[in-house]
Amino acid sequence: MSSGVAVDLENITIRFGDFTAVKDANVNINGGDFFSFLGPSGCGKTTILRAVSGFLDPSEGRVLIGGKDMAGIGPNKRPTALIFQNLALFPLMKVWENIAFSMEVAGASAGERRKRADELLDMIALGGQGDKLPSELSGGQKQRVAIARALCANPDVLLLDEPLSALDLKLRQHMRTELREIQKRVGITFIYITHDQGEALTMSDNVAVMKAGVIEQIDTGHHIYDDPSTPFVASFVGENNVFRGKVKSINGANAVISTNRSGDLLSRITPAQVGKMQVGDDAMMFIRPEALELAPTDAASETTITANVMNEEFEGNSFSVFLEGDGGKMIKMSVPNLGQDHISARGENLSLRYDASNAVAMPAGELASE
Amino acid sequence: MSSANLIRVALGAYLLIFFSYLLGPLVVMSLTAFNSASFPAVSPWACFSYEWFEVLFNDKHIRDGIYYSVVIGIGTVILSVSMGLAASIVLTQVWPKLRSTYYTMIIAPILIPGVVLGISTLVFWDRVGAFLGVSDGSLLHGLFHNGIFLTILGQSTFIASYTMLVFVARLQRFDTDLTEAALDLGATHTQAFRKVLLPFMRPAIASASVLAFLASFENYNTTTFTILEYKTLTTVLAQKVRLGINPSISSLAFIIIVLTIFAALAFEAANRNKDRKLAAAQGRGVTQKSGILPSFLTGNPAAVVLVLLAFMVIVMVGTAQRYSPEACKIAVREAKQIEIQKRIDALKETRRQKEDAKAAQQPSNAAPATPNNSSAFGNVFAPGNLSGDAPEQKVDEPEPQSGTGAFGNVFAPDNLSSD
Amino acid sequence: MKKPMIFSQFFKNNGAVMGSALIGLVAFWLIFLIILPQLSMLDYSFRYNLPPAEVGGPKDVYTLSNYEHLIYGSDSSHQTYNTVDLKVFMRTILAAMLVTIFNIFLCYPLAYFLGQSKGSGFVRLLVVLLIIPYWINEILRAFALRIIFGDSGLLNEALMFLHLTSAPIDFIRQDIALYAGLGYAYILLMLFPMYNVIESLDRNQIEAARDMGASWLHIHRRIVIPYAKPGIVSGATMVFMLSAGALAAPQILGGPSSLWFTQLVYQWFNDSLNWQQGAAYAIVLLVSTIVIVLTVMRVFKVNMGDIGK
Ligand SMILES: Nc1ncnc2c1ncn2[C@@H]1O[C@H](COP(=O)(O)OP(=O)(O)OP(=O)(O)O)[C@@H](O)[C@H]1O
Ligand SMILES: [Mg+2]
């Protein structure tokens, strides 16, 4: 079993004609990591993966696998295996032939191939199904065959392009755990692409969030969620209430933001931006719905917002309360379900408070989608 | 109500006319293959006979023609299928701005008259020879002036466009990720082509090959220019047909028609069978437990007809070994001779009348009763038989009113019912 | 700068071996089978028919004489124009057009019927019946018609039997056999493109129109025919080109005096052994038919991409 190998992207830019699909990406992936690229559709995730696997050459920059420059090395010579967005199982070959294809092209005998395929079939819990055609398998089974086929090539790096996107929710959650387990077992580097943040956050050691060809942040799932370094990341990953305004004062890692509609609010400056913000700058401040809680009505401070209840939705483990603050500012609050019948009444005026350490401020920028 | 009926009747009539136009000539031609008359015709029907098949099988030109047609067909299949496949793959990858120009160029040969293709091939390779300065008798000179070589090139020029169309249709459903997956798993480009794309294209390659072979086999316009000293079946046929036709060509046509029907039915039956298997696999198939007929035949009319047809052919070949039309032929000859005798008699009669009239010296009343030889066959056979054996039959045998009528002789030979 | 990029990408996508094989095959086809032969025929048509010894010599210069011959005839003839050949040319083009139009009218109802009544066993049978004559040799098909139209052919026999005519009609000399044969030879190339297009027409469109009270004629004029246009034009193009370029049918079904333009080409090549003259005639045929087809395609706004579907 091969151990993980590091993958480094150095200043990669990829252009299609005049269109720049990936702009100056720098990524260092440790050997044996589960690394995810997260971003909205069309942001260039697949393009990066294709550059790693060798189907296209970056217009600028280098791809290093295990420290070795991959320029001029074709996809069939790289120690990577790609699991395609649509799996790309060979429809005319039996399942076991699919799995052992990499051995077939390397000239292994049918006996050897069958043996290895059967081992892998057992591993993916499809023992005895090797003689089926891919069309005779269920979605999740095909998924596992694709993984086995890639693993059979003994790659140092496994590249997965949204492999779970076609599955239903239950199967998807199941496959997440399974993938993570496989990764731990084989110990190779996984590079995983998804636009599902839940997937990225639960499985990965590190996540790169992309926006329109640019890598916005590379961090652990925790940091991506708690310390987003750009407004895009803050608004793309999870839900967030955004407050626009200007920096009123800065005190070390904290700042007071004079928001356009909700008064002055105190917030932590996101770690990546500490020391980079100036008083008077345009700023954005984010508070997650679950960081808001009810406060006594008369409490007036720099961590309190008042708003009128518009609507309330029951979501099982929590209630979502939608409120309208001053100037029509929409705010969402999430309250855990602890057995209450309801949180609020429509039209009720509420005071919401938060802990300043749960709010993050950063220079204003583009949001994921408004 | 009645207008709907009217439309239905009109549609029926139209279908009848259309298919008569399409199939009628082929049926008539097939029938003439079995008429012993030396000119292909169904009327007058002489004798049911297989002799034209014998003539056909003994015709060296036709045998040679078939041989070269097959050789050229194979060469054309190989060349046009490879070129068509390559061109269709390139079409999927060609730079978008170039695509329509490229497509126009590779589809153009379909629209170039075959005559023009033949000529240009001939002229071009002659030029190539001259340009390279190859001398008479050298290997290259021989190649550039070899009818088989030139014909394969000339035919492939446009047949490759046909195969290309077949491949493009299939390639549209190919997922290029599959090729990339193969490469990613370590396959070379050649391996990826051989193990992934080629198996996917196999059905299309099969149908393109059949198409190419048939198109080559029946090509005339291009071949007649490029074939030079060789012969293909079509050029032999064209020559024969132009020089004078005889029913051995009909018998060849009959064989080709039967083979075509065989192929069409087999294809249809295979399709049906596949459809049903698919339906059965999907769990909504008909219950298959017919005891008498094999499952291949149940609910598959094409297959049933196919089997019947095969049976008929076997019977035909079987009877052909036994059946001899000699008796009939003699009868026909005799009938003919009676006819001739009658004419001679009539002639004599007129002459006698004339003489009588002369004798009676009434020239104004003389009726010029020349026999009416409106039938071409009458003329064809008359001279030979007139000078031949003398007629000596019972003159009182009843005869059809008009011996040369369209159906006059059809019922004469009893053999017809043995068909 | 861009072109080499494209090529390198092509070789990257296909590998050196496969890439060269693909490019090689396509280049061979395009250059050696399509482009250069047409060009060399064009070149040939502007040259004198010289004995081999003089080829490449001082007399081997370009000339328009081969084209002049088609228009003015040979120097020795008494007429100002080459009326014989020009007449043949005009007749070929016009007759090919007529045959095409005839085929359109004959095939449209059937294409519609087949295309709209999907999948029934009867329709399948009809399609099989259609395919059979498609694969019978062109020569044999012409031969079949000759049996029918001949002096003593079935048709004449039948007509005389019915006393519709007293003497056989010379269908061949009257060119009736030729036109029937040309119509017959390529009818399926008209039918199938039409059928393929009409088959893809959504039945609901027709039903919606009928629902709104459109007459039968109106439905065809406004819905079916516009939709089927690419198929009709594609079929018409094929039939026209093939009829104008036909050789077998005129040779077999044409009367001794009624020549088809391709027969003139054939004679120049095979009887007179004047390739240059023949090439010029072939070029005239090619260019005029292509001009006609392109004009028709432009008038009816149909693309090259629709041909051959
Ligand atoms: N071969 C190509 N030629 C031109 N543009 C391309 C090509 N491949 C991708 N693009 C463009 O590059 C951008 C990024 O594409 P990419 O496939 O990497 O998106 P993605 O992030 O994988 O999206 P998704 O989540 O939908 O798969 C898109 O705007 C796409 O249109
Ligand atoms: Mg993608």
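Keep in mind that glycine also has a Cβ here, set from the backbone N, Cα and C atoms.
Taken from TrEMBL as is:
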type	residues	note
TRANSMEM	B:12-34	transmembrane segment
TRANSMEM	B:66-91	transmembrane segment
DOMAIN	B:66-267	domain 'ABC transmembrane type-1'
TRANSMEM	B:103-125	transmembrane segment
TRANSMEM	B:145-168	transmembrane segment
TRANSMEM	B:196-217	transmembrane segment
TRANSMEM	B:249-270	transmembrane segment
TRANSMEM	B:291-318	transmembrane segment
REGION	B:350-419	region 'Disordered'
COMPBIAS	B:359-376	compositional bias 'Low complexity'
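Residues 26, 29-30, 32-33, 40, 52-53, 55-56, 62, 237, 240-241, 296, 300, 302-303, 305-306, 309-310, 313 of the same chain, all 6+ positions outside the transmembrane segment (B:249-270), place their C-beta atoms under 8 angstroms from a C-beta of that stretch. Counting Cβ pairs under 8 Å to the transmembrane segment (B:66-91), the top-ranked stretch among B:12-34, B:145-168, B:196-217 is B:145-168.
Distant neighbours of the transmembrane segment (B:103-125): 87, 91, 144-145, 150, 153-154, 157-158, 160-162, 164-165, 219-226; these residues of the same chain sit at least 6 beyond its ends, with a Cβ under 8 Å from one of its Cβ atoms. Distant neighbours of the transmembrane segment (B:145-168): 68, 71-72, 75-76, 79-81, 83-85, 87-89, 91, 106-110, 112, 114, 117-118, 121-122, 125-126, 129, 201, 204-205, 207-208, 211-212, 215-216, 219, 222-223, 225-230, 232; these residues of the same chain sit at least 6 beyond its ends, with a Cβ under 8 Å from one of its Cβ atoms.
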